[in-house]
Amino acid sequence: MQTIRTVDELRAALGGHRRAGRTIGLVPTMGALHEGHLALVRAARAEADVVVLSLFVNPTQFDDAGDLAAYPRDEGRDAELAEGADVDLLFAPAVAEVYPTGFATTVSVGGVSGRLEGAHRPGHFDGVALVVTKLFGMVRPDVAWFGQKDAQQVAVVRRVVADLDLGVRIETVPTVREPDGLALSSRNVRLGAADRIRGLALRHGLDAVVARLAAGESDAVAAAEAGRAVMRGEGVEPEYLEVVDPDTFEPVGRTEGRPVLVVVAAPVGPVRLIDNELVEPPR
Ligand code: PAF
């Protein structure tokens with residue numbers, strides 16, 4: 001595996017592959033790699049000839065300076081894991097390489113960016129859309145892989161790719177979970193023992209909604225309220241727990257047999273956790 005810091009080096013490393021017609025796959029990450037990222041790499045490895053993993057803690061997507069400062073960083077460990085997963089190129093640019101002096105462009109996605117994560121983390125999706133657009137311009141991948149855990153992020157990325165004709169196929173990989181159901185997240189390492197247990201409230205809240213919808217409850221608002229009550233019973237106040245349309249993230253009132261996404265976010269101790277589950281209600 002080659003570690004690359006600059007766009008010039010990246011272009012040099014990928015030019016020959018591109019000319020030879022090889023498929024270039026990108027797994028964008030902010031490091032602190034875990035099994036969820038490795039599942040993305042495995043999916044990329046199975047399909048792309050050349051796998052690039054980007055490692056960049058993107059400052060423009062953090063709405064909270066404390067969260068950015070506390071974001072776990074260990075490039076040595078990440079590089080070992082990436083190499084073990086058979087990544088070809090580790091692209092780990094400095095902030096000044098991505099946002100050089102004079103940088104003045106923004107990317108803002110309307111519609112799907114406005115609710116839920118977008119409303120609770122102002123500017124977050126603008127930062128994600130900007131850095132993903134930059135990474136796609138720098139790596140010029142054929143395909144990029146994202147985790148289903150960040151479902152709204154995936155919808156935002158799909159919108160940018162379609163609207164700006166970026167020509168990158170977006171693939172998703174199911175959320176990887178701990179054996180007890182907690183969704184893997186780079187932020188989980190900051191959970192103390194008691195908060196680690198409280199973090200399961202998100203999973204239990206989702207389970208309660210999914211069970212109701214799967215049993216034929218078509219009132220999505222009532223199902224979501226039952227999920228919020230489960231979370232509160234476990235001492236966790238949801239920022240939101242809603243049943244939404246999987247493409248637009250608009251709230252769903254009645255399921256009427258359509259596939260819906262149940263999405264949840266809550267602060268747990270020092271971190272904010274998110275999770276989601278796709279449900280196909282019975283017709
Ligand atoms: O999901 C993430 O880790 C980040 O939001 C991403 C897509 C790498 C952009 O910084």
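A Cβ is built for glycine as well, from the same backbone N, Cα and C atoms used for every other residue.
For His37, the entry in TrEMBL reads active site, proton donor. Taken from TrEMBL, the feature ATP binding site covers 30-37, 147-150, Val176, 184-187. According to TrEMBL, the (R)-pantoate binding site annotation covers Gln61, Gln153. Residues annotated as beta-alanine binding site in TrEMBL: Gln61.
Distribution of TrEMBL features across the structure.
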residue	record	CB count, 10 Å
Met30	ATP binding site	19
Leu33	ATP binding site	23
Gly36	ATP binding site	21
His37	active site, proton donor	27
Gln61	(R)-pantoate binding site	20
Gln148	ATP binding site	18
Gln153	(R)-pantoate binding site	22
Val176	ATP binding site	18
Ser186	ATP binding site	19
Response to the item:
Spatial hits near His37 (active site, proton donor) (Cα distance within 10 Å) out of the binding-site residues Gln61, Gln153, Val176 come to Val176
Practice prompt. Determine the recorded positions, out of Met30, His37, Gln148, Val176, lying near ligand 1 in the sense that the CB is under 6 Å from one of its atoms, and give them in sequence order.
Written response: Met30
Discussion item. Nearest by CA distance to Gln61 ((R)-pantoate binding site): which of the binding-site residues is it, out of Met30, Leu33, Gln148, Val176, Ser186?
Written reply: Met30
Worksheet item: Hey, how far is Leu33 (ATP binding site) from Gln153 ((R)-pantoate binding site), Cα to Cα, in Å?
Response: 18
Discussion item. Measuring Cα to Cα, how far is Val176 (ATP binding site) from Gln153 ((R)-pantoate binding site) in Å?
Written reply: 17
